[in-house]
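Quick look at what Swiss-Prot annotates:
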- 57-77: transmembrane segment (TRANSMEM)
- 78-86: topological domain 'Extracellular' (TOPO_DOM)
- 87-107: transmembrane segment (TRANSMEM)
- 121-141: transmembrane segment (TRANSMEM)
- 142-160: topological domain 'Extracellular' (TOPO_DOM)
- 161-181: transmembrane segment (TRANSMEM)
- 184-204: transmembrane segment (TRANSMEM)
- 205-210: topological domain 'Extracellular' (TOPO_DOM)
- ASN207: N-linked glycosylation site (CARBOHYD)
- 211-231: transmembrane segment (TRANSMEM)
- 384-762: domain 'PDEase' (DOMAIN)
- HIS459: active site, proton donor (ACT_SITE)
- HIS459, ASN460, ALA461, ASN462, HIS463, ASP500, ASP616, GLN715: 3',5'-cyclic GMP binding site (BINDING)
- HIS463, HIS499, ASP500, ASP616: divalent metal cation 1 binding site (BINDING)
- ASP500: divalent metal cation 2 binding site (BINDING)
Amino acid sequence: MNEYNNDNMEQEKEKKKEEQKYKNIIKKEYFIFPRLYDKNKEIEYNKLRIHNIKEYICIHLTISLFIILIECFVFSFNLNIKDTTYVEICVVIFSILNCLMHIVVLIKMYFFTSESVYTKGVFIGYIVLNQVFQFLSLYFFTKRNEQSKNDIAHLKYYDNSFNLYVHFFVDSVFILCLPALSFFLSVLFMMMFLCLNILLINMIKFNKTNYGSDIYHICLLSVVLLMFLILRYMMEERNRLLFFFIKDMMFDNYKKWYSDYIGAHYDKDKDSTTINGDNNKYEKEKCEDYKFLFSNKCILFHDFTLNACYKDYYSMICFLNKLLKSCNIKEDMSSNTSVNINGDTYQNMNFHDNINSNIPKNYNSFYEELKKNLNESDILTIAYEVEVLKNIKKINCDEIGKNWDYSFIDSEYGKSTLVILEVGYHLISPYIENNENKKKKLQLFLLLINSMYFPNPYHNANHGATVCHLSKCLAHITDYDSYLNNTYMICYLIASIAHDVGHPGKTNSYLSETNHILSIRYNDMSILENYHCSITFSILQLIGFDFLINNEDTKLVEKNNYTNMRKFIIELIISTDMKLHFEYVDIFKKRKKSQNFDISDTDAINLGTINIKLADIGHTCLKWKDHAKWTMLVSEEFFSQKRVEELHKNKNIDPLNFSNFGKEDNIDEGMIFNYENIYINYINNINNINTYDYSYIKLNFIHHHDFVKSIPSTQVYFFEIIVMPLIKELQSMEKSKKEITQKVLHNLNINLQTWRLIEKNINLFYNTEKMTGTDYYKNLEKQKLLRGIRLLDIAEEDVISLTKNFKEEIKHGKL
């Protein structure tokens, strides 16, 4: 018996240790009304929320001050100097004190920092004093009127009832919207405010019996405002946890839910509650080895990620559930499968029979058992094996990664929804050692990268694959691939294919100007480039980075470690920040002139950055048809950003207001890295939903002639100042075939000449199928001013002849 008790005590101790270990997010006493476990993080969270409504607070104070000034004027309007009573003096004094308090608080809010003013005490003090002053002013003013039997004839639209309703509404909305107050405190203030106003009505109308309608109306207004409070509370990102409880209560058996969730896991003696992703319940963790997906990013409060604390864990559960279900229902699942459970291998577990069984109970028990013994990588691997392998197209094209002039944007590979996976595997797999597990990890990595490229007009998966293709071409042209071992070639190609992963379709300057959450996280320094690196290494951390290392390498083996490879990849991705363009070009120029310039060692990273930089803007050096299409796409993306910027200016949207984050015409929340978004894009890819094919993209900028007119001059400037010097630095690195001179630089010169021609005659730009719906095109067609040749069909000889004809027309005064 003693041994049994000792065992129980040891188990209890272990449980307490585990509870202490996994104690993190939600305090049990705030299970329905979530609070961060760490008090300091809760304070930071509230500061940021209040900071976001700074303007709202100032607007409220201004409106309230305006109302009180009107009241003060009314109170002093009937002030009779000859027979002034103490009541009249009190009315004016209380009104003036209220005005002064509003002015002081308004100045404090507007001019002082959040740390010194955005405290709960300030707001509670303001609310209490405002109500005291207001109560006394109205009471004494009404009492004075009753005593003198003098209605306010001079201001007939002003009466006591109207004043009550205005104050009640304005001050109640302020209380209900103020995030510094907790839910219960807001409700408490609201109820106290209601009682105070009912008392005031009774005191004001003490000699009248028919004031029930006023009480009824003010109570009805209170109900509406309380509904608004609940709605505001539920709409706050971190409080959406309650939605998931309601969902579980509605769709699951209530008694089972109550006994499992409340009876078993909502014990008063427990300090905190955590989320168990394995069994989709909110309970204590039992598995010591269990780990959350990116717990340091998604679960814990980190870098002011407002939507991460109380939302992503459930998104993660949904993602894992959907993946498992989508995997298990496949008919092609092997009927003879082994599953490792608690270290033991069980053979002949028939997935098909269990999943397609007509008895849901059997399926659920097997499903739960399966989930308990699979970690995140296993689940993703199962999904990958079941879904993706059947959809991968093996690339049988020797031109990808070798021929600079290959028309990738129009190829069948460029239009594939799995373009990153297919092209990346085609280019990287030759450098992977002959190991099936490593090749599988490579495919899984590319799948997740593919799923985090979003359907922007320009910065999409097609762009990522194109840059990888061009980077491989440049590695061959500059003989870079002969200096690197297989491990670093893998890193080089991974950096190129993931260099824009997660791109939201907005520039760094936009993120910085709008104080976007990413600009705060990365301190306005290479914001997106740092974000791309973060996503890349987060995925590598999940699935393991061992597939990067080729153990068959015979050179630079001592440098084949994760730290060096990580530094190499980060440097390559950061170099694509155009703000750092001249800095990287100058570094390469100086190193190239140095006597100890050595690509095989210290300068490998310098040449790599120049290669990937040129590949990133490499569409400028493609054939005109491909380059013109990419220009259309990048112009559309810039135009979309311009529209959003104008929207912010027109609406006077506070750049510090993060509440606009995730709305239409802003950066979509779905473009922030989490596993729910990976799953959504994953399903779109599996279902072959391609939203970034050039032929399907709608171009909105074509209807704005001023924007269209600016494109040629912008391109000419970009070619001359940015691209041309970059290519000339690489010319000295090309091999005997002179491909940079004969292909890259040649294409650039032709494209530059074409843009100069279009700059002088913008009508050429409109002669394309995409432009046929514009008013400008119709006008040109009506006046017969369109040239015979289409924009995308312009060839080298056409540029020469058109330039010659254009000069002759200018000479003869026809233009």
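Including glycine, each Cβ sits where the backbone N, Cα and C put it.
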Do me a favour and check the Cα-Cα span between GLN715 (3',5'-cyclic GMP binding site) and HIS459 (active site, proton donor); whole Å is fine. 18
What whole-number Å value do you get for the CA-CA distance of HIS499 (divalent metal cation 1 binding site) and ALA461 (3',5'-cyclic GMP binding site)? 11
Given the divalent metal cation 1 site residues HIS463, HIS499, ASP500, ASP616, which other residues of that chain have a Cβ within 8 Å of the mean position of their Cβ atoms, reported in sequence order? HIS459, GLY464, VAL467, SER496, HIS503, THR576
Whose Cβ, among the binding-site residues ASN460, ASN462, GLN715, has more other Cβ atoms within 10 Å than any of the rest? ASN462
Including all protein chains displayed, how many Cβ atoms other than that of HIS499 (divalent metal cation 1 binding site) lie within 10 Å of its Cβ? 29
Candidates ASP500, ASP616: member of the binding-site residues with the richest Cβ shell (10 Å): ASP500
One should report the C-alpha separation between HIS459 (active site, proton donor) and ASP616 (3',5'-cyclic GMP binding site), rounded to whole angstrom, as 10
Could you tell me the maximum Cα-Cα distance in Å between the residues recorded as binding 3',5'-cyclic GMP, namely HIS459, ASN460, ALA461, ASN462, HIS463, ASP500, ASP616, GLN715, rounded to a whole number? 23
In all the protein chains shown, the tally of other Cβ atoms within 10 Å of the Cβ of ALA461 (3',5'-cyclic GMP binding site) is 31
